[in-house]
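**Student:** Let me begin by handing over the structure; questions about it come next.
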Amino acid sequence: MSTTSSPFTQAVVAAMRKLYPEKLADSSFDNTGLLLEAPHRENHLKDSVLLTVDLTKGVADEAIRRKDSIIITYHPIIFRGLKAVTLANSQQSSLLRLAQEGISVYSPHTAVDAAPEGLNDWLADIVTNRPLKKNQSVDTESIDHERSIVNSIKDIPDGFEGAGYGRIVRFKQPQKLGDLVARMQSSLQIGGRISGLSVAVPQSIPRGKKSSIEISSIGICAGSGGSMLNGLDVDLLFTGELSHHEALAAVEQGKCVVTAFHSNTERAYLKDRMQSALEEVMEGNADIAVSEVDRDPFDIIHKDEVNW
């Protein structure tokens, strides 16, 4: 048995570290990097990569079926120390099956959040109507604004100036909440899977007037933004999820909140940005696909909806 991963896998890992250096990740809690280095099985797998937000059993099945060499999973499947790796645990079982097939697993997580042109910048591009894909044209002009980070990073690698966690967007001219929500709704879609967003506004705003609320500033955090966005002097919080009490506190302070479910603020980034960026660094020497089965665990079921 080989004692190293395949040359292709090593090249993909190097490319990911070039795009999203692990030094950008929040090491206080995160677990980024090469989480599973599977031994090379010559002529067994293709020079292909599968991108996903979550590494579920379904995604593992997909990678095995496709004969991918490596899975790039945004969320780390190994987050805390393991005392055992057994088939009884579904996530560990997936890792064991992948190792058996020679498929490695890499996770960039918060390095993607922090990087310039990374996940949080992409969310900021959504609300400011900037192109979401390389060489993409838009029907209307981008919205004039100033952009800053929420939390800075020490010892930023050369070439990654401007990296940091979270984003704050301040518009030169106020934007209507309804227009911002419509932009979020359309941009976060993948195959029509997002049927709605959760919107909270101060209780003093009557029904029929909510979409006309003027927003001059937005605090942005992909995924779970409660701790990062807490206390920001902004009009709107845009994130994947907040707890009930975090959302209640925000609207009591006069803020608006838009949430999309945790991973729905992350998934479309893979197709819009990460896929093409990795293809460019790999110089076309890789088949890079976005998982077709990866999805948020939650759906919104509308009243009177049947056969769901």
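Including glycine, each Cβ sits where the backbone N, Cα and C put it.
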**Student:** In TrEMBL, H75, H262, E266 are given as binding divalent metal cation, so which of D113, D299, D304 is in that site too?
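**Tutor:** Given H75, H262, E266 bind divalent metal cation in TrEMBL, the matching entry from D113, D299, D304 is D113.
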**Student:** Taking the centroid of the Cβ atoms of H75, D113, H262, E266 (divalent metal cation site), which other same-chain residues have Cβ within 8 Å of it?
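**Tutor:** So the extra residues in range turn out to be V53, Y74, H109, L119, A222, G223, S224, G240, S263, T265.
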**Student:** My understanding is the cutoff is Cβ-Cβ under 8 Å with a sequence separation of 6 or more in the same chain; which residues meet that for E266 (divalent metal cation binding site)?
**Tutor:** V53, Y74, L119, A222, G223, G240
**Student:** Cβ distance under 8 Å to H75 (divalent metal cation binding site), same chain, sequence separation 6 or more: which residues?
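**Tutor:** Counting only residues 6 or more apart in sequence, the Cβ neighbours of H75 (divalent metal cation binding site) under 8 Å are V53, D54, L55, S107, H109, S263.
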